[in-house]
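Residues or ranges marked as transmembrane segment by Swiss-Prot on the basis of sequence analysis: 18-38, 73-93, 94-114, 134-154, 168-188, 199-219, 239-259, 263-283, 288-308, 338-358.
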Amino acid sequence: MLLWLGEYLTQFYSAFNVFSYLTFRAIISTLTALFISLYFGPKLIRYLQKMQIGQTVRDDGPESHLSKSGTPTMGGLLILASIVISVLLWADLSNIYVWVVLFVIVSFGIVGFVDDYRKVIRKDANGLIARWKYFWQTVIGLSTALFLYFIAQGPNETALLVPFVKELLPQLGIFYVVMSYFVIVGTSNAVNLTDGLDGLAIVPTIMVAGAFALFAYVTGHVNFSAYLNIPHIALTSELVIVCTAIVGAGLGFLWFNTYPAQVFMGDVGSLALGAALGVIAILVRQELVLFIMGGVFVMETVSVILQVGSYKMRGQRIFRMAPIHHHYELKGWPEPRVIVRFWIISLILVLIGLATLKLR
């Protein structure tokens, strides 16, 4: 929005040309989302406390979690509002990719909101019935995948970029839709599973979003993409603004979500953020790199799959509790230790993911 205003005002005063610089808007997008989160965070927390919108803690989990009961939740509303406002202010709103990501964020946020609303406000322990949750995730994810497939303007936009391999660029065809669906829905649920400790999900999300800002920049830049031998997709440049908005909103939320948390993001935040990372990975053609950089999310999801599968087939559990972060808590690790070590793992994996830009 402000990009258009800046372009108009440039004819009267050349200093407004700064609004056309992507790097400038990326920095301001981060700061805008950060400011919104920090400013409205305390107000939202007080409102949630007043309305008694607090977290319900499982009685079969770690005993240390009992003290978290009643902590305000649905703080993801703050994250989503910060992202959307910042993107609307600083992104080029004529870019269809920007609107695709906003659609996914808001849509998955609505699904998460309904789930949180039923659990926290209507006191329905099950929240949104699982089959309905996955139904709406499927509708949104599949419709997004189909839309992207049909608006693709060239082979670069539907090819699979394989990390560490220079010449391998297989065309996916209609399989692009299937893969995109699983990336969006899978990442959404993976982040949701990871969101079980204070700050555990938001920091890896910030790291991955920050890395994707770089991927979006080089993919959208004709010279950098040629130098790094990655497919050039011009529209991805504006995703830098979306990624930096996620970083800013995430940092602002972390201020209140760090141990001991004053607020939890709830499903409204985790489902939306995960879906956002998924669709951004698809747009910049880095689905496999997301699998690397989001390794903590993958690890949490695999631990649940293994736990459930083992119990159903053998009647035995592999872990003391799943997702795996609870396993380490029950082994006696203090919560901050689990959180920080998972952050360290995430940082290492993000650096490996960034290395794929050059190591081919």
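The backbone N, Cα and C atoms fix where each Cβ goes, and this holds for glycine too.
A contact between the transmembrane segment (338-358) and the transmembrane segment (199-219) is present, since 3 or more of their C-beta pairs, 6 or more residues apart, lie under 8 Å.
Proximity of distant same-chain residues to the transmembrane segment (73-93), defined by a Cβ-Cβ separation under 8 Å and at least 6 residues beyond the stretch ends, is recorded for 1-4, 25, 28-30, 32-34, 36-37, 40-41, 44-45, 48, 53-55, 99, 101-102, 105-106, 109, 112-113, 116, 120, 238, 241-242, 245-246, 248-250, 252-253, 256-257, 263-270, 272-273, 276.
With pairs at least 6 apart in sequence, the transmembrane segment (94-114) and the transmembrane segment (288-308) have fewer than 3 Cβ pairs within the 8 Å limit; the two do not touch. Counted over residue pairs 6 or more apart, the CB atoms of the transmembrane segment (18-38) and the transmembrane segment (263-283) come under 8 Å in fewer than three pairs, which marks the two as apart.
Here the transmembrane segment (134-154) has Cβ contacts under 8 Å with residues 96, 100, 103-104, 107-108, 111, 174, 176-178, 180-181, 184-185, 188-189, 271, 275, 279, 282-283 of the same chain, all six or more residues outside its ends.
Most Cβ pairs under 8 Å to the transmembrane segment (168-188), among the stretches 94-114, 199-219, 263-283, belong to 263-283. Sequence-distant contacts of the transmembrane segment (263-283) (same chain, at least 6 residues past either end, Cβ-Cβ under 8 Å): 41, 44-45, 48, 55, 71-80, 83, 97, 100-101, 104-109, 111-113, 115-116, 120, 127, 137, 140-141, 144-145, 148, 180, 183-192, 194-195, 201-202, 205, 208-209, 212, 216, 233, 235-236, 239, 242-243, 246, 250, 253, 256-257, 289-290, 294, 297.
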